[in-house]
Each structure stands twice: as structure tokens, then as C-alpha cells.
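**Student:** Before I ask anything, let me first share the structure, which is written out below as C-alpha cells.
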Amino acid sequence: MGKKLFIKTYGCQMNVYDSARMADLLTPLGYGITEDQADADMVILNTCHIREKASEKTFSELGRLRAQRHERQQSGRDTIIAVAGCVAQAEGAEIMRRIPDIDIVLGPQTYHRLPEMVARATRAREEKLGRSGKPFRGANLLDTEFPAESKFDHLPEAAAPQGVTAFLAIQEGCDKFCTFCVVPYTRGAEFSRPVQQITAEARRLVDQGAREITLLGQNVNAFHGEGPAGGSWNLARLVRHLADALPDLRRIRYTTSHPRDMDDDLIRAHGELPQLMPFLHLPVQSGSDRILAEMNRQHDADHFRRIIERLRKARPDIALSSDFIIGFPGETDADHRATVKLIEEIGFAQSFSFKYSARPGTPAAVLERQVPESVMDGRLQEIQALLERQLTEFNRATIGRRVPVLIEKPGRHPGQMIGKSPWLQPVHALLPAGTIGREVEIEITELKHYSLGGQPTGLQPAAGFAAEPQPERAIA
Ligand code: SAH
Ligand code: SF4
Ligand code: F3S
């Protein structure tokens, strides 16, 4: 009988991608994914270290997991517990010390060694359990190396299709060392996959039904992968190549970008390639030049403004999203006002804002003048309210417009389908099931919280949920 694997994923899309690859790697060992943690023979926590809160979750979740393992052991069933991802990389030894019954701790760059580790953990647990008859503490296998070989060279073909929209990691790691950030330490040095490897994976995804691919990397626009005939390709060239090589790939996105790496080529591609979606997540963190310098972002606020200007010239309907850190050490009211001003000037379709979290080992953590929590709270509230207003405004502006929606899956109501607009807005409409994987033109008629509702323009207006929808008009 097959064994059951439960993976809990925290953090960014890179972790989502990695979790899927770990599942692929364990398929040959007989593991299939379960959604029921209590029933799992193996649980992997794929963790995130970016802020203190994210990282603390690992330890509380491990506590729950051990209790659950104990319960399963009462009925003669065992559970392998593994911690992967960025907390594993940063605090692997500490996890082993604090929680002796852990079996496996592995960093983001060694997950291709997981099958070997699982085989060893299984043997160790079986031997020791059999010998003593008592619950056994843990296999204690730790691998947080940054190996010379690339994990991507050791991946089996993806076992389960990802669906209409898929992630594809093309770049990993970071050499930028922003003073607040753990990523350069948890993911290691910047590294790009070769173009041929990426193209092969993209082709497989499209063959399995993907119509949209989001190219992933911690600094995805710093991509410099080896081209098929040698030499180094930039992201724009890769995107053009994928758009050319894969006619069934309707939409391409990429995330996360750094303002320093938005080159002319990439900006031009936004104006020239219909497959490249008019939505860009470009974290700026702050609107204050002084804080940007302290953060070691290596650009000022005007550099960001100029990029946005050029992007909008190339692709007037481009929507923007960003990340903001509120309360970086030394942030004054004037710095905060500069961030508010930048947000007001640009107008974002969506954004994320976080209170600064001091991370162990980062230069900013030991800076004096850490901002008091209450001050951070006030500033965060102001920024979040502003971003929320901009999001609602942006969504409201689509009402009455006809937009191409890539249909992804059935919605909650009978007959309802859900998809995304080019600007990443969730859209629902009454449509036949056969529309999954197709772009359908929808006239947007309503805004509900964060999603939009509408009518397919090629259909008779549907009379209630029971109505039998007519064949829709797909957008050519
Ligand atoms: N590579 C991306 C960001 C990766 S981390 C970039 O360069 O922009 C994702 C986001 O988490 C960051 O954009 C930042 O806004 C936030 N973040 C990172 N470290 C943080 C910290 N110590 N405290 C609060 N937010 C942080
Ligand atoms: Fe972190 Fe800065 Fe690298 Fe982004 S660019 S991952 S924020 S160090
Ligand atoms: Fe978190 Fe690591 Fe991603 S720290 S945000 S999971 S790169």
C-alpha cells in the first residue's frame, strides 16, 4: 500500500515550487500526497524565516506534530517528521538540539537528497522501534549544505500536473544583501538555471495543461542563465524564447523583481509581447532615499519612479504591486511621509506591507534606533489603509470593461468558474466546465471584496445559477 505524505508550505512561491518538487522526488518511494495531516506517514514542514512571526510558526507546528505522532504510535503507526526550507537552513542545528525526535532537517538547496534521507530515516526508525519496542526519538539527519551540484539537475519529471497556472523556478538565491533580509543566508548565492532545462520544464507544464507560467526567483530579473548555444541570456530573452517556442502558453509572469535589475530589454518586452502579462510586482520597500541607502537597496526613490514611468510608456495598462517595510531602524516621520508620498504618486493595484522584523545575523538587527512597536503600528495602519483604497479603486475601475479571463477552476456556486484577469484579479462568472484552461472574454459587472464578477460576452445573460450556459466565445 502507498504511503501518505503531507507537506505544509510557508513563505514565498519559491517554497510552493520546492514543495511540489519534493513531492515529485518522493513519488518513486511510494509516497502520495494527502491533505489530511493526521493520516500522514511523513510530514514535511517547508518553512519561512523572513520575519520572526513566520519563523516561530515552525516551532509551534513541530510541537503539534510530535503530539500527533505520539497518538499514531499508539495504534502502531509511525510518522517521519522533516523540516525543510529557510528556517531549516538558518536554524537547523538549533532545531535538532531543541527537538531531539526530529528525523530530517534539510535546507532549500539539498532537497534533491531527500529520497536518500527518507530511506535512511525509515531504516533507522524501523530498526530502533523494532529493537526497543519503545517510541524512538528521531533519526536526526541534518543536511544544510550549499552543495556544488544543482538540485535542479536531479529532479524527476513532475508527477502531478500543476494545473492551468504553474510555477517554474528559473533563478535562486541572492547576492544583494539588503541589510534587513535573511534570504542571501538561507538560499545562498544567486544562481540561474540553463535555458534548455527551463524550456524543457516549461514544455512539460504546457503539455500537462498549463496555459500560464509564472517564472520564479528571489531576484528573477537578475536571471543570467546559460543559453542553448552558450553565452548568457537575460530574462527578456528567455521570456521571448518561451513565448515563441510554446504557442499554447498564453500568459507569462515573473516574480520577484528588483528595481536595480529592470533593464531596457525587459521593459521593452512588456510593450512588445502580448504573452507577458501587464502586471508587475516590484518591491521598493521605502520611499525615503535615506532609508533605501540604509537598507542597501542600491537605488533611490527617483530610480523607482523612472522605471515605472518607462514601464507605463511601454505598456500603458500595466498594473503595479510592491512590498513595503514599515519601521526600519531609524525611520523618522519624514521618512514615513516619503513612503506615503511615493505610494500616492504611483498608485498600486495591490501591495504588501510588513512591520520591520529584526532578523538574527542581519546587519540591520544590530542598528540603534529601532522604531518602537506602537509607532510602527500607527504607520502600518496608515499605509495599509492607503494601499487598500488603491486596490479597491483599481478593481472598481475594471467594472464595465471587457477583460480576457484565463479560467482556472470551478467556483463555489454551481455553474460558476473562477479565473484571473491579466492584472491578477480573481474573476468569477457562470460558464461551462469546458472553459477551464481557456481565455474567455468577460464583461465585469460587480466587485465583491477582492474578486470581480461578470458575464461572458459571448453568452446569453445567464438567468440564475441553474441556467444552462451557452457555448462561450473564447478569445483568439
Ligand atoms: N527579493 C525580493 C524580496 C524577498 S522577501 C526583493 O528584493 O524585493 C519578500 C518581502 O519580505 C520583501 O520584499 C520585504 O518587503 C519583506 N521582508 C524581508 N525581510 C524583512 C524583515 N526583516 N522585516 C520585514 N519585512 C521583511
Ligand atoms: Fe532579500 Fe534584498 Fe535579496 Fe530581495 S534583494 S531577497 S530583499 S536581500
Ligand atoms: Fe521565506 Fe525563504 Fe521565501 S525566508 S520568503 S521561504 S526565500
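Any Cβ shown, glycine's included, is placed from N, Cα and C.
What you see is a predicted model, and the numbers here were worked out from it, not measured in a lab.
Quick paste from TrEMBL:
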DOMAIN    3-123  domain 'MTTase N-terminal'
BINDING   Cys12, Cys48, Cys86  [4Fe-4S] cluster 1 binding site
DOMAIN    160-393  domain 'Radical SAM core'
BINDING   Cys174, Cys178, Cys181  [4Fe-4S] cluster 2 binding site
DOMAIN    396-458  domain 'TRAM'
**Student:** Sort Cys181 ([4Fe-4S] cluster 2 binding site) into helix, strand or coil using the DSSP assignment.
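**Tutor:** Coil, per DSSP.
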**Student:** How long is the line from the C-alpha of Cys178 ([4Fe-4S] cluster 2 binding site) to the C-alpha of Cys86 ([4Fe-4S] cluster 1 binding site), rounded to the nearest angstrom?
**Tutor:** 17
**Student:** Beyond the listed site residues Cys12, Cys48, Cys86, identify every same-chain residue whose Cβ lies within 8 Å of the center of their Cβ atoms for the [4Fe-4S] cluster 1 site.
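**Tutor:** In sequence order, the nearby non-listed residues are Tyr10, Gly11, Met14, Asn15, Thr47, His49, Ile50, Ala54, Gly85, Val183, Thr186.
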**Student:** Do any of the binding-site residues Cys48, Cys86, Cys181 touch ligand 1, in the sense that the CB is under 6 Å from one of its atoms?
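**Tutor:** List returned for ligand 1: Cys181.
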**Student:** Just to verify a number: CA distance, Cys48 ([4Fe-4S] cluster 1 binding site) to Cys181 ([4Fe-4S] cluster 2 binding site), in angstrom, no decimals.
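**Tutor:** Here the two Cα atoms lie 12 Å apart.
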**Student:** Measure from the Cβ of Cys181 ([4Fe-4S] cluster 2 binding site) and count the other Cβ atoms within 10 Å, all protein chains considered.
**Tutor:** 22
**Student:** Excluding Cys174, Cys178, Cys181, please set out which residues of the same chain place their CB within 8 Å of the center of the CB atoms of the [4Fe-4S] cluster 2 site, keeping sequence order.
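**Tutor:** These residues sit around the [4Fe-4S] cluster 2 site: Lys176, Phe177, Phe180, Val182, Val183, Pro184, Gln218.
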**Student:** If I take every residue in the domain 'MTTase N-terminal' (3-123) and average their pLDDT values, what number comes out?
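**Tutor:** The average pLDDT of the model in the domain 'MTTase N-terminal' (3-123) works out to 94.
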